[in-house]
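First comes the structure, then the notes that go with it.
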């Protein structure tokens, strides 16, 4: 496994500058987008954003907001200094904020998927327990794990921990989400078919269709997750097992892996605004009041 082979070798100036510029562009969009999502849930002008699903969306948006406020500005600073061949101190701040926010994002997406699973497979239980302490417990677990597990980084270093993260967090979580999502679609399809054939009250049909729309929104979140994290995972494996790769290639891979994950924090709020009418209405109302 290739661990710290290229840590002491500076990358070419153009790699560091490119990464700094892309990180800065992401930062300009990640912060306002995720801030508005958090604000929409906090203000909730129409009082329809208090479900467990929207609260977990807020957790995910907050984790992505931390990426924009901490990780991306530090990335710009880190890579500018790297391009100038200046000594880089406290690079662990960038790495720790990166791993903490990534862990929180992955766990929040897991919580969203489980929430959808319960909402589709046990709708009566789900509606009866809205706002229950279960949501608060899950939130605490996500926060605790996100703040503690990344400290392993100090023992093993960036590349090795990124490899561990890829295996334990990305692959395991994504496979779990995929299995659960298939079950959600099977149950949702049978329920919609039952409604179509047997008929039911207009209010119940409205609830079922609303849950279906929210579940479709989760699919887009999962697609964005896969589109950014899967290439990142492949790159991490390449960095660790490519024995013939030069340090130039390793530095390119290191920065690409980093930027792919940052991309997810930039894209997520666009999905909420596009797919969830409740968020769109709340965001429009908040912006108009200002």
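Every residue gets a Cβ built from N, Cα and C, even glycine.
As given in TrEMBL:
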TRANSMEM  14-42  transmembrane segment
DOMAIN    33-272  domain 'G-protein coupled receptors family 1 profile'
TRANSMEM  54-80  transmembrane segment
TRANSMEM  92-114  transmembrane segment
TRANSMEM  135-153  transmembrane segment
TRANSMEM  159-180  transmembrane segment
TRANSMEM  218-237  transmembrane segment
TRANSMEM  257-274  transmembrane segment
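Three or more CB pairs closer than 8 A are found between the transmembrane segment (92-114) and the transmembrane segment (159-180), so contact between the two stretches is assigned (pairs 6 or more residues apart). Most Cβ pairs under 8 Å with the transmembrane segment (257-274) belong to 218-237, among the candidate stretches 135-153, 159-180, 218-237. Within its own chain, the transmembrane segment (218-237) has Cβ neighbours under 8 Å at 60, 106, 109, 112-113, 116, 159, 162-163, 165-166, 170-171, 174, 177-178, 181, 253, 256-257, 260-261, 263-264, 267-268, 271, 274-275, counting only residues six or more beyond its boundaries. Counting same-chain residues at least six beyond the ends of the transmembrane segment (54-80), those with a Cβ under 8 angstroms from any Cβ of the stretch are 16-17, 19-20, 23-24, 26-27, 30-31, 34-35, 37-38, 41-42, 88, 91, 93-94, 97-98, 100-101, 104-105, 108-109, 111-112, 115, 135, 138-139, 142, 146, 221, 255, 258, 262, 264-266, 268-269, 272, 276, 278-279.
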